[in-house]
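Positions annotated as compositional bias 'Basic residues' by TrEMBL: C:11-21. Per TrEMBL, the feature domain 'ABC transmembrane type-1' maps to C:86-294. According to TrEMBL, the feature region 'Disordered' maps to C:1-22. Annotated transmembrane segment per TrEMBL: C:33-54, C:90-114, C:126-147, C:159-184, C:205-230, C:275-297, in sequence order.
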Amino acid sequence: MTSKLMKGLVYASAAFTFGMLGYLVIYILINGVRFLTPSLFSWQYSTSNVSMMPALMTTLMVVAGTLLIATPIGVFTGFYLVDYADRKNPVVRAIGMATDTLAGIPSIIYGLFGMLFFVIFLEFQFSLIAGILTVTIMSLPVIIRATEEALIATGMPIRQASYALGAGKLRTLFKVVLPVAMPGILSGVILATGRIVGETAALMFTLGTATNLPGSLFASGRTLSLHMYILSQEGRHVNEAYATAVVLLIFVLVINALSTLVSKRLAGGGK
Amino acid sequence: MKKHIKLLSIVGLAATTLAACADTGSEGASNGSDGGSNGGDFDNSTNLHLVTREVGSGTRDAFAELTGLDDGDNDLIAPEATAQQGTNAVNSTVADDLYAIGYTSVGALDDSLKAIQIDGVDANEENILDGDYEIARNFNVIIGEDLDDVAADFWEFMFSAEGQAIVDEVGYIPSDTDAPAYEGSDLDLSGSIDVNGSTSVYPVVEAMAEAYQEIHSDVQIAVHSTGSGAGVTSAIEGTSDIGMASRDLDDDETSQVTEVRAVALDGIAVVVHPDNPLESLSMDQVADIFRGDFSTWADILD
Amino acid sequence: MEHINEGAAGKTKRRPPVRKTAKTDWKEKIMHGVFFMAAFTSILSLVLIVIFIFTNGLPMMFEYGLTDFIFGTTWNRTTFGLLPMITGSILVTLGAVGLGVPIGVMTAVFMAEFCPKRLYAFLKPAVNLMAGIPSIVYGFFALRIIVPQIRGIFGGPGNSMLAAILLLAIMILPTVISLSEAAIRSVPRSYFSGSMALGASHERSIFSVVVPAAKSGIFSSIVLGVGRAIGETMAVVMVAGNQPLMPRGLTEGVRTLTTNIVMEMAYASGQHRDALVATGVVLFVFIMIINTTFLIMKTKEAK
């Protein structure tokens, strides 16, 4: 009897979850798509066209900049934790704990820190560089954990086989283990990308909210998410906010599709 | 076979939920302005839903001061009021709620809101210019330290006939009706200008910056909408060239800046839902309402 | 989590001698250093964050008086009593978790055990999509849909604690679902088949054997859910009403720690700004407490 009831609840929960998601997506599409006019994608933002193009480009710049810094650091950390470190070493345990802690810190704290450290203390002002460095720290744990899991999943035999053939540790890691672990690492990187695209609180006080395309690393800009927040709160542009939401949804879909594609293809190629 | 039935039932369930939701969704979108499910029947016994701007907003400060609700560092606006960040957030909250009352920039009014007469005076440009509508304020721009050539020229532009014409275009009231023509169009200028401050003044200066950059394409102007407090602070600290504030500066602030000048005028309208029967209030009533002295609409309407 | 290196250390004796040239040795050493430096970035970042948040926030708290700050109930430009926001954050988070976790776990059970393969191929990406939707889009959706519904059904201003709870319950779903699903799937299949062999029904095997066995994974999904709920900012600020008052009811507005920071940061200066950073300190401490509590629960569970 309880089983039947539980089963009913399970089905109801699933229906609620996916019904809600469908509702949200459809609602945004219905209200947003019709406002996706060409002028919303003009190169130059003006108060009359409310173009999201600069925000779109800034989003790409922030994502690229962040991944450029965070990916090597994150992946190398994974290497160190899995293949080099001695787990009993207190420093290594501290690194693990620091990563876990970083993963749990809310983005508003990152925003506060970025403002206090990069913007004020290092005098970067509201700038691309302050924004990028802030979200770099934020996305590190995602990449580290993904790398770690991917490396562990490759298992010992593959390494032993490589050692047996006379390859050194580094060579084994880069030529043998890394290709196999690649899908996992990439999915971490893609996950991080999603997080950066959706970020608002951490960027508001670091990247700033300028409408122009940032001309240099030390200029301010706004990402799509920030753009949408400002449109929905301050401007008289609710329709454009819906349109921005559509573009953000498309972003997420593309990122997810990419993630699936990449892991499928690489998994196929790796084996 | 059993599996298929399950599959069907779940898909069916999801589809029904979806369809039901999507239905209410489109409905909500189409009659977004009629107060949701409340329809047009106004129930006097309902509580007032006060809507205010957040602490530190220039609009809030100016409103509190003009209605006599200021009290030293803090104001007397009821803390129970829903606090919204940004002009549009206030507008959409009031436009969606039959029982809400809030205040917003006259320049940001549209059909989804009804502006209340104050002491029998409509909140419009004419009455604000004549001084008949009393809840009016300056949109100020502020110079902290001395400006460099480029910023100084942009400053000139803001107070030129061309600049003031833009104020009108954006929907606000020019501060200077016989401003001199802009003379700097032949100058060869390049560089960058940083402007920071009030979310209300932002659309005005942003539009001016665009017009200016069309004349001087080598000049980059970044306008940040952060808030009046931040605008004043950044002008004083020199983190921005020009600050924006939608309120007047206090003595302490004035002593720390080089120049403050009104770039535009704006009224603050007390707004309700279009279906709300309220038409006019006295200044005292406005103050009482936002102090939180009335609980239901009957207290005001009867 | 099993460590490869430990396995390696245990099996060193059996590993064939590695051909070592001077060059590889040199390279190995440098790269070892590089990897260590990279790994150290996490610690460095965390230390910097703690230093900058705490040195900017703590002095204000002591200057103002710790008890007045934590237990004061009035918050304005000159008085900084954080209790309303602390209570607000706790209540909103509890509500969201209370609502979101059961739904999330149930959905995970559905995905792992009841979902036909063809539907799964469609639902799994849907969960990923849900996880990827920016919080600002959720907030906007809640503002346009949930808030008017609450106003219509319960009266009141709509921007309320209930709106924040519903919004966050939805927002933590993907986190709870993915982790719980993974946990349920990692339960050895023999548990299920064993239970079935003993005559239990399909449903009973799942609910009485498989799900309890996945308890620890489900716990960690709750931790992350709590973390996401208490830390969410931009979506909550759009629907919560944001009054700095002690929570007065589900349909009345509420302000959380995160929204307190974001509402006033742009304007604040002097002690006011420090008070907002101090709000961050309190939030940080909360996060640490949550993480540690669940870590302890998890390790106990593992034993």
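Note that Cβ sites are derived from N, Cα and C of the backbone, with glycine treated the same way.
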Chain residues outside the transmembrane segment (C:275-297) and at least six past its termini with a C-beta under 8 angstroms from it: 50, 53-54, 56-58, 60-61, 64, 69-70, 80, 82, 85-86, 89, 219-220, 222-223, 226-227, 230-231, 257-258, 260-261, 264-265, 268
Beyond the flanks of the transmembrane segment (C:159-184) by at least 6 residues, Cβ under 8 Å: 88, 91-93, 95-97, 99-101, 103-105, 107-109, 111-113, 127-128, 130-131, 135, 138-139, 142, 146-147, 150, 210-211, 214, 216-218, 220-222, 224-225, 228-229, 232, 235-236, 239-242, 247, 249-254, 256
Stretch of maximal Cβ-Cβ contact with the transmembrane segment (C:205-230) [cut-off: under 8 Å; candidates C:33-54, C:90-114, C:126-147]: C:90-114
Same-chain residues near the transmembrane segment (C:33-54), Cβ under 8 Å, at least 6 residues beyond its ends: 277, 280-281, 284
